[in-house]
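Novice: As annotated in TrEMBL:
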COMPBIAS  462-473  compositional bias 'Basic and acidic residues'
COMPBIAS  474-483  compositional bias 'Polar residues'
COMPBIAS  489-513  compositional bias 'Basic and acidic residues'
DOMAIN    31-434  domain 'Ammonium transporter AmtB-like'
REGION    456-513  region 'Disordered'
TRANSMEM  29-50  transmembrane segment
TRANSMEM  62-80  transmembrane segment
TRANSMEM  120-138  transmembrane segment
TRANSMEM  150-172  transmembrane segment
TRANSMEM  184-206  transmembrane segment
TRANSMEM  218-238  transmembrane segment
TRANSMEM  250-271  transmembrane segment
TRANSMEM  278-296  transmembrane segment
TRANSMEM  302-321  transmembrane segment
TRANSMEM  333-354  transmembrane segment
TRANSMEM  381-406  transmembrane segment
Amino acid sequence: MDIAGRAVAENHRSYLPRADSTSFDGGDVSFIIVAGAMVLLMVPGLAFLYSGLARRKSALSLIWAVAASNAVGIFQWWFWGYSLAFSSSATSGYIGNLRNFGLMKVLGDPSPGSPLIPEILYSFFQMEFACVTIGILMGGIAERGRVLPAMVLTFAWLTLVYCPLACWVWGANGWAFSWGVLDFAGGGPVEIGSGVSGLALAWVIGRRQEKELLNFRPHNVSLVCLGTFLLWFGWLGFNGGSAFGANLRAIVAIWNSMLAAAFGGMVWCIMDYRYERHWSMVGFCSGTIAGLVAATPSSGFVHPWASVIIGVVSGAACNLATKLKFHFQIDDALDLFAEHAIGGIVGLFLNGFFGTNEVIRLDGVNTSTPGGFMDHNWKQLYIQFAYICATCSYSFVVTALLAKIIDVIPGLKLRSTPEDESLGMDEVEIGEFATDYIEIRRDFTDGLFMNSTNPSEQHVAAGDRHGRPDNALHQRSTMQNGNGLPHEGTNEVKHDGNGIAEVNEKMRDSESS
């Protein structure tokens, strides 16, 4: 789904607009229909990923938020989203107009993105991109956000953030399109848009309670794996379908996506092993997603060997970026910024080095679009850099303003109460649970004697991802008396890692004899 080259406008003029199927190749049309369906599968993939990464008491609320945001996204895209992003008669370069309000005049004409497919199919494919993007953003409300205000934010965010970003780089008169930015499948609108906006949303909502940050870990790693592989499968349609036809460029994009994902996963896993001396499954999944994110803007511009480099760099950069939230003091619980924003930046920036016309022209449409340094196009690097700065700044500022405005509207406060947060979003917001279980204790601190007066104990979100487990800070004080010895005649508590305590009665030596 790249800018479609400077030659697209000329190609459009050579195609007679006809509202029938005879002007398009059936193979191209079928391929994009299937690719769009594959992208839809990324929505449950995101839902399962977020659910698995969260605590058990808020797991279902994230599935609900992603699923409901998908429905809101479909409505917004039909209502005016497509028109605001892709109206061919808009000339502002910033946002479209309402010419295609309610999908009016969107039928069998060649699409704005490529003459290979009809506009009605293009609008469907682009709708799935918008739905996935807003689903990613829902990670910003993890474990403390209210779902109804989040749905209001969803509609407003798609209108005022996503649609302008899409218009900039994919619209026929967008300023980034006209300037020659290389963004194949959404490094700006999808990845930076969701990642930076997720950071802004988490900043506005605020940090979770300190006790909610203790021993924070994924409650179901199997769901994390399931979600990751659903995303990986859907991402092949996401990137491959952005060539808008069953052509060689689509195959190269799929190959590049596979390579970047594989190397991103391996690098992240190795880096986590250096800290923790375990081969983390969550780490492998995180690195795989980081590689796929970096492949999003780059997979249709570079050779497969370059995707190996992109996968390695994105895996390492995104892994290290998970520490930035500690410096920002923002509780980005699911690492939206580290995964999506940093990965998108890596892919966009490296397009300036590795992008080449040899790959771009394989779709048979963009035959004259130059690449980056590989084609001696030295100015491409600063074009990419300026585009990255523009998308990051716009996404953060506008999202923060939207969230602030919605938060002060009566009845639409984004943050739940401390009491609701302690109970869990599933019980308070959804009234159902992802998993039925007998609860012995809910919080990490329940039933434990904590040395909470020690000022050196600073608890941070997801600290156990980089070799400093939050629960390790309390290992010395757990069930200890003033002499650092276990209390005699008391219960010895062992933790299974999922919040369930195993209690064994410890008998005195005199009693056992």
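Residue numbers in this text run from 1 along the chain shown.
A Cβ is built for glycine as well, from the same backbone N, Cα and C atoms used for every other residue.
I'd like to know what surrounds each of these features in this structure.
Specialist: Listed by sequence, the residues of this chain that lie at least six past the ends of the transmembrane segment (29-50) yet keep a Cβ under 8 A from its Cβ atoms are 21, 62-63, 66-67, 70, 117-118, 121-122, 124-125, 128-129, 131-132, 135-136, 138-139, 142, 223-224, 226-231, 233-238, 240-241, 244-246, 250, 285, 289, 334.
Here the transmembrane segment (278-296) has Cβ contacts under 8 Å with residues 49, 53, 184-187, 190-191, 218, 221, 224-225, 227-228, 231-232, 235, 238-239, 253, 256-257, 260-269, 271-272, 307, 310-311, 313-315, 317-319, 335, 339-340, 342-344, 346-347, 350, 465 of the same chain, all six or more residues outside its ends.
Within its own chain, the transmembrane segment (302-321) is flanked in space by residues 252, 255-257, 259-268, 271-272, 283, 286-287, 290-291, 293-295, 337-339, 342-343, 346-347, 350-351, 354-356, 358-359, which lie at least six positions past its ends and keep a Cβ under 8 Å from the stretch.
Within its own chain, the transmembrane segment (333-354) has Cβ neighbours under 8 Å at 50, 53-54, 136-137, 139-140, 142-143, 182-184, 186-188, 190-192, 194-196, 198-199, 202, 208, 216, 286, 289-298, 301-303, 306, 309-310, 313-314, 317-319, 321-322, 324-325, 371-374, 380-385, 387-388, 392, 461-462, counting only residues six or more beyond its boundaries.
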Novice: With Cβ distances under 8 Å as the criterion, find the stretch in 62-80, 120-138, 250-271, 381-406 that has the most pairs with the transmembrane segment (150-172).
Specialist: 381-406
Novice: In the same chain, which residue numbers or ranges, 6 or more beyond the ends of the transmembrane segment (120-138), come under 8 angstroms Cβ to Cβ?
Specialist: 1, 29, 32-33, 35-36, 39-40, 42-43, 46-47, 50, 62, 65-66, 69-70, 72-74, 76-78, 81-82, 85-86, 103, 106-108, 111-114, 150, 154, 157-158, 162, 166, 185-186, 189-190, 193-195, 197-198, 201, 234, 238, 241, 244, 336, 340
Novice: Using a Cβ cut-off of under 8 Å, list the residues of the same chain at least 6 residues beyond the transmembrane segment (218-238) that approach it.
Specialist: 34-42, 44-56, 59, 129, 132, 185, 254, 257-258, 261, 281-282, 285, 288-289, 292, 295-296, 435, 498-499
Novice: Counting Cβ pairs under 8 Å to the transmembrane segment (184-206), which of 62-80, 250-271, 381-406 comes out on top?
Specialist: 381-406
Novice: Using a Cβ-Cβ cut-off of under 8 Å, list the residues of the same chain that are 6+ residues beyond the ends of the transmembrane segment (62-80) and lie near it.
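Specialist: Same-chain contacts beyond the flanks: 43-44, 46-48, 50-51, 54, 98, 101-103, 123, 126-127, 130-131, 134-135, 137-139, 141-142, 145, 147, 150-151, 154-155, 158-159, 425, 429-430, 434.
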